[in-house]
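Asks: Have a look at the structure that comes next, please.
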Amino acid sequence: MDLLLKDKIAVITGASRGIGAAMADKFQAEGARVYRLSRTPARAEAGGASPNWIACDVADEASAEAGINAVLAAEGRVDILVNNAGITRDGLIMRMKTEDWDIVQDTNLRSAFFLSRAVARHMLKRREGCILNISSVVGIIGNGGQTNYSASKAGLIGFTKSLARELAPRGVRVNALAPGFIRTSMTDTIPEEFKQKLLDSIPLGRVGEAEDAANTALFLCSPLAAYLTGVVLQVDGGMGM
Ligand code: NDP
């Protein structure tokens, strides 16, 4: 099926590995011109072609804006922005350091504000565009030990809905994806017994793969989802229903 993404200019943050890399590969396979923003270089694709990687710390205002400006300078437009970069700094609240709270908000939530603001003006002018924010099922149902992370992910949901309302009159769509337990370097460090507990809570009975999230992102960013905005789509095997 043609997802109508050929020659679309897509910016994907946190595309050096995990879900972001899977999304970037899939968007590219559909013919989109993908720019990958992360602090460390994006891994080379299986095919060997070197991806468009832009060094960027999304938590830093100047760096985030420079990342978008670099794409605008090269292409003149951004059709799709995926705010995917994210980190965890888990801990029980009594032991959580203020810097662990702050860095998670800055990386996961403040970054989406910087990057969305930088593309919104251009998208509004062109009366088209799409922003996808990668939230999390824990932004909906919560998770002990992740107050900082789940607050940032719940914040992204409020941000998504407000921005969707703000930009909809000019045809710009804003949606969120809420993955459940996806196998990436972020979840690799979870202790085995806790992984089993998580697995037991997934009705579909398996851990998600980065491709599961990437496939849904492809749909949400394609014209096939032209009538969807302000949506939070859970890709979690039923974990958060
Ligand atoms: P990974 O840890 O595998 O990848 C995280 C990506 O974010 C990397 O590419 C990293 O690149 C980038 N990143 C982190 N900090 C910054 C920064 N300051 N500036 C730019 N890029 C940054 O995580 P996942 O692929 O698992 O997660 C991707 C998104 O999906 C995150 O937002 C995460 O919260 C969310 N998610 C993941 C779930 C899971 O189970 N895996 C579940 C629900 C949501 P680099 O280090 O090179 O900068």
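Cβ coordinates come from backbone N, Cα and C, glycine included.
Okay, these came from TrEMBL:
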type: DOMAIN; residues: 8-180; note: domain 'Ketoreductase'
type: BINDING; residues: G14, A15, S16, R17, N84, Y149, S150, A151, S152, K153, I182; note: NADP(+) binding site
type: ACT_SITE; residues: Y149; note: active site, proton acceptor
Asks: About how far apart, in whole Å, are the alpha carbons (Cα) of Y149 (active site, proton acceptor) and I182 (NADP(+) binding site)?
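Replies: Distance between the two Cα atoms comes out at 16 Å.
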Asks: Tell me the Cβ contacts of N84 (NADP(+) binding site) under 8 Å, same chain only and six or more apart in sequence, or just say none.
Replies: I12, T13, G14, A15, I19, G20, M23, I134
Asks: Whose Cβ, among the binding-site residues S16, S150, S152, has more other Cβ atoms within 10 Å than any of the rest?
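Replies: Going through S16, S150, S152 one by one, the largest Cβ count within 10 Å is at S152.
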Asks: Restricting to the chain of I182 (NADP(+) binding site) and a gap of 6 or more, list residues whose Cβ falls under 8 Å of its Cβ, or answer none.
Replies: G18, I19, V207, G208, E209, A210, D212, A213, V235
Asks: I need the least crowded one of these recorded positions (G14, Y149), counting other C-beta atoms within 10 angstroms of each C-beta.
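Replies: Fewest other Cβ atoms within 10 Å, among the recorded positions G14, Y149, is found for Y149.
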Asks: Taking the binding-site residues S16, N84, S152, which residues show a Cβ-atom distance to ligand 1 below 6 Å?
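Replies: Near the molecule: S16, N84.
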